[in-house]
Amino acid sequence: MSHTETLQIAVGIIRNAQHQIFIARRQAGRHLAGLWEFPGGKIEAGESAEQGLARELFEEVGIVPQADGVRLLQCVEHAFSERRVKLYFFLVSAWQGEPGGREGQETRWVDQQALRVADFPAPNRAIVEALRAQG
């Protein structure tokens, strides 16, 4: 990947009726290991952001988002030293299945207003602040 390419990432902020957010800890050996994140991943060639989100949420946490329960909240571009990313943050409020760590990652539900900005990677911090304010 050249330094001019931007990695497109779909991110699901899974929120239940009690305003709890589902988060996962980045595993050891991965970029930004130990920090918490919202589930998601790389959008593949030929996929829309919504299609990438649906695929990644099924692969990572075992849920199928329902179209009427998915809303784009924000797009964020961020430059790490080794790559650029564009993150599409979607609020996911309706899905089928029960979310869990299908890739062995630690997961938990956290009250929306109890999210801690410092626990997340830099590109996620503005959306975490916004979620806390809404909580």
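Just so you know, glycine gets a Cβ as well, placed from its N, Cα and C.
Note that the structure is predicted; figures quoted are calculated from it, not measured.
Using a 10 Å radius centred on the Cβ of GLY40 (8-oxo-dGTP binding site) and all shown protein chains, the other Cβ atoms total 26. Taken from TrEMBL, the feature 8-oxo-dGTP binding site applies to ARG26, HIS31, GLU37, PHE38, PRO39, GLY40, ASN124.
Residues or ranges marked as Mg(2+) binding site by TrEMBL: GLY40, GLU60.
Sequence annotations record features per position, and here TrEMBL assigns domain 'Nudix hydrolase' to 6-133.
Secondary structure at HIS31 (8-oxo-dGTP binding site), taken from DSSP and collapsed to helix, strand or coil, is coil. Classification of PHE38 (8-oxo-dGTP binding site) by DSSP places it in coil, neither helical nor stranded. Excluding ARG26, HIS31, GLU37, PHE38, PRO39, GLY40, ASN124 themselves, the residues of that chain whose CB lies within 8 A of the CB mean position for the 8-oxo-dGTP site are, in sequence, VAL11, ALA24, LEU35, TRP36, PHE120, PRO121. Considering other CB atoms within 10 Å as the measure, the emptiest surroundings among the binding-site residues ARG26, HIS31 are those of HIS31. When Cα-Cα distances from GLU60 (Mg(2+) binding site) are compared across the binding-site residues HIS31, PHE38, PRO39, ASN124, the shortest belongs to PRO39.
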